[in-house]
Structures are given as C-alpha cells and as structure tokens.
Amino acid sequence: MAGEEVDGLGPSRCRDGNYGISIADLRIINEQKGLEAVEHIQSKYGSVVEICNLLFTSPNEGLSGAPADLEDRIKCFGSNVIPPKPPKSFLQLVWEALQDVTLIILLIAALVTIGLSFYPAGDDGGDGSDSSEQEAGWIEGVAILGAVIVVVLVTAFNDYRKEQQFRGLQSKIEHEHQFSVIRGSKDMHIPVGDLVVGDICQVKYGDLLPADGIIIQSNDLKVDESSLTGESDHVKKGESTSPILLSGTHVMEGSGKMLVTAVGINSQTGIIFALLGASQGEEKEKKEEKKNGKKKGDGPNEGSQTNTAGQTVPLLTSDADVKVDLGSINPEVPTGNSHNSNNTNAVNNKVGNGEPKKPAPQASARKEKSVLQAKLTRLAIQIGYGGTAIAVATVLILIIKFCVKEFAINGNEWTSDKTANYIEHFVKHFIIGVTVLVVAVPEGLPLAVTLSLAYSVRKMMDDNNLVRHLDACETMGNATAICSDKTGTLTTNRMTVVQSYIGGVHYKQVPNFETLAANFRELIVWGIAINSGYTSRIKLSDDGGLPAQLGNKTECALLGFVLDMKQSYESVRQEVTEERLTKVYTFNSVRKSMSTVIPTNKGYRLFTKGASEIVLKKCTHILDCKGQVLPFSPEDQDKIVKTVIEPMASDGLRTICLAYKDFVKGESDGVNDVTFSEEPDWEEEGDIVKGLTCLLVVGIEDPVRPEVPNAIKKCQRAGICVRMVTGDNVNTARSIATKCGILDPNEDFLVIDGKEFNKRILDEDGEVSQELFDKVWPKLRVLARSSPQDKYVLVKGIIDSKMSTAREVVAVTGDGTNDGPALKKADVGFAMGISGTDVAKEASDIILTDDNFTSIVKAVMWGRNVYDSIAKFLQFQLTVNVVAVLVAFLGACIIDDSPLRAIQMLWVNLIMDTLASLALATELPSEELLERKPYGRTKALISRTMTKKYYWSCHLSANCYILFTFLGSSVF
C-alpha cells in the first residue's frame with residue numbers, strides 16, 4: 001500500500017502504536033459468522049482492504065518486516081504464543097518422589113529405629129547384646145534414611161531431566177511448524193510464533209491455521225471447523241459468504257490470502273485455553289478468595305489483564321497447557337502428547353450449539369498399549385505378587401522364630417522394661433521385610449524405559465525422525481508391515497518433465513518452443529502458469545546449482561518445463577493475478593485434477609490439468625500439430641493411452657494431461673467453444689469441466705532415491721513387509737516398485753488399483769468383508785490409483801486380520817490432509833516433514849524431517865534397540881534382586897536374621913536401579929538388529945536364551961553368597 005516508512009515502523013505509521021482499530025473491535029469481527037461477518041465488515045469498515053489500512057498493512061505487499069514494526073505490533077496486540085504450563089520445580093519433583101508407598105514405609109521405619117536407639121533397652125534375658133552395637137544402633141536408621149534421601153534425589157533429578165527433554169522436544173515440534181506469509185512483497189515461511197496482527201498469510205490445502213483472520217482472496221476454500229464447533233461438515237469460506245477464519249481449524253480444500261486479526265491468547269484457540277486454565281485453577285482461586293476475604297469479581301480487573309492499547313483481554317492462567325501436558329506424564333509409562341493433540345476439543349461440550357457432546361474416543365485414550373508396555377505391565381504385576389509373598393513370609397518367619405526362641409525356649413516374659421527391646425527387634429524384622437519388597441520390585445524399570453526412550457528420541461532427531469509420541473519409538477521395533485507413499489518417500493520428489501506429447505508428436509526431450517504452432521505457445525505457457533498454485537514456483541540458485549522447487553512438486557515440474565522452453569511463467573502471473581481468477585477447482589483425491597477459469601476478451605477460458613486418464617475422458621477434441629482443433633473420439637483416446645501414456649508409465653513416469661475450453665459470450669465460430677448469454681453457474685463443476693480440448697500430455701520423472709532399494713532389502717531381512725500405496729497409475733507404480741525392490745519378478749505378488757481393490761474386498765452390501773480382505777492383503781505389494789480412504793481400509797484391514805498368529809504391527813506414511821485417519825489408525829504414523837500438511841503432522845506419531853524411507857528403517861533400529869536395552873536391564877537387575885531376596889529369605893529361615901542388612905540391600909538396589917539404567921538404556925543401535933524378525937506381540941519379554949543366562953547367573957551368585965554366609969568364618 002502507499003505510504004512512507006516512519007523509523008522502520010511501516011507505511012504512514014505513528015510512533016505510539018495508535019492503530020485505527022482495537023483488539024476489542026477485531027474480536028467483535030472474529031465472533032461474527034457467515035453473512036453476518038460480511039454485513040458487519042461492510043457496514044462498519046467498508047471492506048477488508050479498509051481494515052488493512054487501519055492496521056497499516058498492505059493486502060498485496062504485506063508488512064514491511066521491519067523489527068520495530070513487528071515489536072510494536074506484539075506490544076499492542078500480543079504475540080502468537082500461548083504460555084505453557086510452568087515446569088515443576090525440583091522441590092515439587094522431590095515431593096512427588098516421596099509419595100512412593102515403600103519409601104514412606106522405610107522412612108517411618110528408619111525414624112522409629114533412630115528413636116528406639118536412644119531409648120534405654122532392658123535385659124532380654126539372654127547372653128546380652130553387645131553394648132557397643134546398642135550404642136551405635138542409630139547408625140542403621142540414619143543409613144536407611146540416607147539411602148531413602150539419595151533415592152528420592154536421584155528420582156527427582158531424573159524426572160527433572162526428563163521434563164526438560166520433553167520441553168525441548170515440544171519446542172522443536174513448534175519450531176518446525178511454519179507458515180507462509182507475505183512481507184515486503186516477498187513470500188516467506190516463518191515460525192507460527194512469529195506471526196503478528198496485520199500479517200498477510202497465504203492459506204492453502206492442508207494448513208492448520210495458527211491465528212484468526214479475515215479472507216482477502218480465496219479459491220474454492222473449505223475449512224474443517226469441527227475442532228471448535230463439533231460439526232463434521234466442511235464449511236465453505238469466501239470473501240462474500242463466510243470470510244472469518246479461526247485458529248485451530250484445518251483447511252481441507254482450496255487456497256487464499258488471510259489478514260491476521262488475532263494471535264496468541266486473543267485468538268479463538270487462546271481464548272479456549274484461557275477457559276481451560278480458569279476451570280483448572282478454580283479451586284486455587286476459591287482458596288485465595290477465602291484467605292483474602294474477597295468475592296470473585298471484587299477486584300478492578302478480575303480475570304483479565306490490560307495491554308498497552310488499553311483493551312482488556314482474558315488472562316491465560318498458568319494452568320493452561322499446550323499440546324504436551326508435561327504435568328500429566330506418568331513416570332512409569334512414559335508417553336508423549338495426546339495423539340489427538342488438538343486440545344480445543346476439550347471444550348467441545350460447551351462450544352457450538354451449547355449442547356454437551358461426548359468426547360471423541362481418540363481424545364480420551366491413546367491407541368492400545370505398545371507391545372513393550374503391555375509386557376512390562378504383566379511382568380511388573382508378577383514380580384509384585386512374588387515380592388510381596390516373599391516379604392510377608394520373611395517377616396512372619398523372623399517374628400515367629402524370635403517369639404519361639406524368646407518366650408518358649410528361653411522362657412522369658414514380656415515385661416514393661418523389655419518392651420522397647422522387643423519392639424526394636426520387631427521393627428528390624430519389619431524393615432528387613434520392607435527392604436526385601438523394595439529390592440524384589442525393580443523400581444529402576446520405569447526409569448530405564450524412560451531414559452531409553454528419551455535418549456532414543458533425542459538421537460533419532462539426528463536420524464531425521466522427530467518423535468511426537470514416545471511409545472511410537474518402541475512400537476516401531478515390532479513393526480511387521482510398512483505401507484509407504486511413493487512420491488518423496490521412495491523417490492527424490494524432484495520432478496522434471498522428460499517426455500511430452502504435443503500436436504501428435506511424441507518428444508523425448510524438451511521441444512523447441514519456436515517450432516510449435518502459434519496456437520500452442522500461449523495455451524501451454526498460460527495453461528501451466530495460471531492453472532497451478534501461485535505458491536508453487538522455481539527459485540534459481542545463486543551458486544549455479546539446481547533451481548529450488550517451492551510448493552507442489554508436480555506443478556514445479558510443469559513450471560520448469562516452461563522455463564526449459566525459455567519462456568516465463570512469472571510474467572503471465574503478473575498479468576493475471578490471483579484476484580482476477582474467476583473460479584478455481586482445486587486438486588483433491590476425488591477430482592485428481594485442477595481447473596481454473598479466467599476472464600478473456602470474449603468471455604472466459606478454462607484450463608484443466610490432472611491424471612492423464614481422468615482428463616482425457618473429459619476431452620472431446622484435440623489440437624493437431626498445426627494447432628487446429630480436431631474431434632477426439634474414444635478410439636483416439638485409447639490409441640493415445642496405448643502408444644503414449646502406457647509407454648511413459650512403463651518407464652516409471654507420472655503422466656499429466658493438460659486441456660482447455662473457451663466460454664464465449666454471444667456468437668462464436670470456434671470448433672469447441674461454448675456460447676452463453678447469461679453468466680455460467682460456476683458451482684456446477686460437472687457441467688463446466690467437460691467437453692475439453694486436449695492440449696498436451698507430459699511424462700514427469702521422479703527418480704527413485706539411490707539408497708531406497710538397499711533400505712527395503714534391510715526391511716525384508718528384518719521380517720518387515722513393505723507395500724507401496726500411491727495415486728499414480730498401475731504401470732507407473734509397478735515400474736517404481738520394481739526399481740525399489742518391493743516387487744520381485746520371481747514372486748507372485750499383487751499389483752492392483754483402488755477400483756480393483758474395492759471390488760475384491762467389498763461384499764454384496766458394499767461393506768468391507770474381512771474374509772474377502774484376508775484373501776487379498778498377504779500378496780498385495782502395490783496399491784495404485786488409491787484414495788486416502790483406500791489407504792485407511794488397507795491399514796485397518798491388516799490390523800484387524802486374524803491370519804497371523806500375532807496381530808500385525810502396521811506403520812504407514814502420509815502427507816495429505818485426508819491421510820489423517822490412516823495415520824491415526826496405524827500403530828505408527830509417519831508424516832512427511834517437507835511435503836506433509838499440518839493436518840497430517842498433527843495426526844502422526846513421528847515426523848520424517850527429510851521425507852526419506854531410509855529414516856523409517858533407522859526408526860526400526862532404534863525401536864528394537866529400546867526393546868533390547870530393557871531386556872538386558874531386566875536380565876541384569878533381576879539376577880541381583882533375586883539373589884538378594886533369596887539370601888535374605890534363607891537367612892531368615894536358617895539363622896533368624898538376614899545376612900544382608902537392610903542398608904546393604906538398599907544401596908545395592910540403588911546402584912542396580914540407577915547406574916544400570918543409565919548404562920544399559922543409552923546403548924547405540926547396530927545394523928545387526930535388522931538381521932532378525934520382530935519379537936512379536938505374544939513372545940515373552942525374557943527369551944529362552946536369557947532365561948538360561950539368568951538361571952546360571954543366579955545359581956552361581958546365590959551359591960557363593962550362601963557359602964560365604966555359612967562357611968565364611970571357618971574359611972576366612
């Protein structure tokens with residue numbers, strides 16, 4: 001917009017941050033819905049452009065990006081950050097560690113022992129105890145007390161480290177979330193936390209909106225607002241219908257530009273978090289009110305805070321949390337943030353129509369326990385029962401033998417002067433029993449699991465795996481099937497047009513633009529430049545390297561084709577801006593095509609591009625080599641499919657067809673022109689996008705990543721079946737799958753498309769039959785021309801299948817908005833960090849920051865390493881614990897006392913639990929882990945080999961200790 005900068009603040013700005021519109025005014029706008037918002041904006045402000053003027057921003061150039069301007073906006077309107085729950089202090093973690101029941105019992109017993117040691121004991125009638133031992137009786141109590149303190153401090157320290165690691169992980173996830181904005185007339189991606197009011201954002205399919213805003217321009221924009229309203233239907237958005245976009249909602253279709261009007265705690269998501277925080281802190285507030293003798297609302301600004309612009313905004317209490325609820329992490333079963341991390345669902349029971357809604361199943365519970373968690377839970381219960389039984393038996397035996405010896409054999413009576421002495425004996429027996437229980441139960445096991453997972457997660461970041469849910473790390477080690485996308489995961493995702501079919505000529509290289517018919521030249525350049533997302537572009541490298549492909553890679557390949565012909569697509573876009581586009585039918589998994597309508601001197605022109613077989617069926621005419629329009633019969637279509645498209649697909653090329661159609665007002669002599677007298681109804685897509693004229697077919701190469709074939713071989717050796725799920729046609733998919741090593745020419749594997757897949761698995765009622773599905777999936781290796789629904793059905797069917805002795809553990813990759821259900825259903829969902837949409841990332845367990853299949857193989861290695869580390873820890877700790885418990889029990893039975901003092905067992909237990917956890921939980925994985933099959937869901941955590949080692953270790957240690965106990969005095 002026009003205007004000069006004042007001290008870097010932006011166009012026509014004042015120094016005092018005095019904007020022409022306040023937070024309260026913007027909030028009123030954001031609260032409007034549908035046509036109410038349109039009427040409110042028009043009646044009070046005139047247009048969205050005028051609101052831009054009041055916020056000192058330009059709808060086309062955006063903010064200047066000057067630091068002073070951005071700081072001033074943050075000062076006046078707030079930053080796009082919702083304050084997280086403050087971390088627990090070290091003292092709070094110490095207090096939590098002290099809540100352990102066994103530690104409390106030991107603490108009480110130690111204090112009783114210390115107290116009794118200062119109480120003069122009477123003669124017990126025996127040969128008399130050593131006076132020096134009685135005088136030093138307090139030492140054992142103090143030592144036990146010291147051991148408890150050390151255990152508590154170590155536990156608190158490890159919890160503190162764990163919380164710091166979780167916060168570091170959350171910070172990494174938040175930093176990875178970036179959004180497209182226009183600043184200084186340039187498109188750029190910035191972290192969502194850097195958005196400010198007045199920013200002009202580019203909104204596109206798959207985005208998770210990070211702030212509230214008003215639509216400036218849109219193309220077929222549809223938004224999923226279920227996270228706020230609970231309504232599942234997608235809401236159509238537009239400048240003249242429903243211009244308000246809200247944070248926390250998902251863009252399901254289309255694109256557009258948005259003026260940011262509310263960020264952080266002033267946005268809809270922030271307001272909801274504030275409400276959640278207020279409800280959680282209500283009890284604290286009531287206590288404070290009682291203490292201060294005040295009623296709620298007595299204060300001048302109760303429940304609100306005032307910003308520098310003078311408006312009051314809801315106060316976000318410290319109890320509001322973001323994504324990872326660190327306060328609710330169970331130290332025994334480490335987990336990440338809720339799988340359904342959109343916390344706005346938490347208040348769905350009051351948002352929307354005001355009627356209570358049942359929470360979504362995903363929100364209340366994560367997927368079923370991971371394999372390791374389930375096995376550890378069973379093992380912990382078994383050890384707990386065994387340890388309790390031995391501890392009780394030890395105490396009973398000690399007490400009974402003492403009573404028999406003291407009262408039956410020695411004939412002593414219980415007198416008041418001997419009470420303290422007897423109680424001291426009983427307390428010692430009780431301490432031994434409690435210590436046996438403490439030693440028997442491997443308290444270090446949860447610590448080992450937590451440390452191993454946290455260490456693995458940190459290291460996995462170096463291997464391009466950003467883990468969002470900790471249990472996914474371990475679950476991946478037991479994966480038996482991987483359903484992988486093709487584009488970008490198995491291939492490089494750097495697409496180039498290597499073949500083309502124009503005017504009846506099949507070119508194996510880039511054609512000479514000047515030799516093409518004049519009619520072709522404009523249609524090709526304009527059809528590609530305009531009928532692509534304007535965010536897709538080619539950025540030339542400054543150092544002479546390969547140009548950077550920004551945006552949709554298929555569209556970038558077409559734009560590169562234009563540049564290779566020495567033409568400019570940017571000049572066309574400057575002439576026809578997004579605001580001038582009449583209608584855009586954006587690409588989705590149902591259409592498998594994109595169409596754009598632009599105005600012309602005679603009327604309108606429609607450009608369409610998409611999957612070749614889809615677009616060709618909509619064509620009734622084709623251009624010949626002279627640029628003349630000729631009829632295009634079904635027979636002609638079949639001929640092109642067989643002579644052009646199938647050979648391209650057999651070479652592993654993705655085939656895209658471009659077509660066009662002219663709408664002429666009044667009379668026309670064009671062969672395939674559509675005439676109209678009244679404005680066409682652009683909402684009737686079926687009538688608009690048909691009867692097209694075929695312009696050209698291109699073959700796009702997306703090379704297989706050189707490291708992928710070896711990675712797939714590793715998976716196959718590791719007992720993991722890799723399946724490719726792609727939107728490409730069968731021939732292209734088969735060619736790529738063969739190059740990757742997914743298909744073996746000597747094996748009878750199944751390669752089918754989505755249509756055939758559904759035909760084989762659906763029963764007469766159109767429902768998926770598990771019986772029919774089980775006949776398909778074992779041999780299925782490639783599912784082509786598939787939809788996100790097909791991917792979901794495949795994942796769910798494999799998981800539900802009973803054909804395997806143990807349930808299959810399925811991992812799946814996804815990048816699109818509609819891949820969310822499959823990512824959530826899978827045991828482990830991988831989202832693409834580069835090409836993946838925000839919606840896919842929110843639904844995933846792990847984000848592949850490099851979109852590379854080899855990173856999945858590394859995740860398998862880390863998962864198996866976690867499993868092996870815990871197994872090693874168990875073998876090591878149980879050996880020590882069982883020997884200690886056995887010696888204590890036998891000592892109680894034979895010599896009326898435990899050879900190992902309570903303090904000795906506690907120190908051994910401490911060393912075993914902590915140092916062994918640290919040592920064994922931080923081992924690096926090796927390639928050898930991929931040389932064996934997955935452990936399986938039902939196989940015991942302690943294998944037969946481990947049991948043998950465990951038995952002989954226990955046998956040797958116990959015999960040595962018993963030998964030293966009973967023969968030590970004579971030998972030494």
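Quick reminder: no glycine exception, Cβ is built from N, Cα and C everywhere.
Straight from TrEMBL, the features:
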COMPBIAS  281-299  compositional bias 'Basic and acidic residues'
COMPBIAS  304-315  compositional bias 'Polar residues'
COMPBIAS  335-353  compositional bias 'Low complexity'
DOMAIN    38-118  domain 'Cation-transporting P-type ATPase N-terminal'
REGION    280-367  region 'Disordered'
TRANSMEM  97-118  transmembrane segment
TRANSMEM  138-157  transmembrane segment
TRANSMEM  379-400  transmembrane segment
TRANSMEM  874-895  transmembrane segment
TRANSMEM  950-971  transmembrane segment
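Beyond the transmembrane segment (950-971), the same-chain residues lying 6 or more positions past its ends with a Cβ under 8 Å from any Cβ of the stretch are 875, 878-880, 882-883, 886-887, 890-891, 894-895, 899, 942. With a cut-off of 8 Å between Cβ atoms, the residues of this chain six or more beyond the transmembrane segment (874-895) that come close are 379, 387, 390, 393-394, 397-398, 401, 432, 435-436, 439-440, 442, 444-445, 905, 908-909, 912-913, 916, 920, 941-942, 946, 949-950, 953-954, 957-958, 961-962, 965-966.
Broken down by DSSP into helix, strand and coil, the domain 'Cation-transporting P-type ATPase N-terminal' (38-118) contains 50 helix, 3 strand, 28 coil. Per-residue pLDDT, averaged across the domain 'Cation-transporting P-type ATPase N-terminal' (38-118), gives 85.
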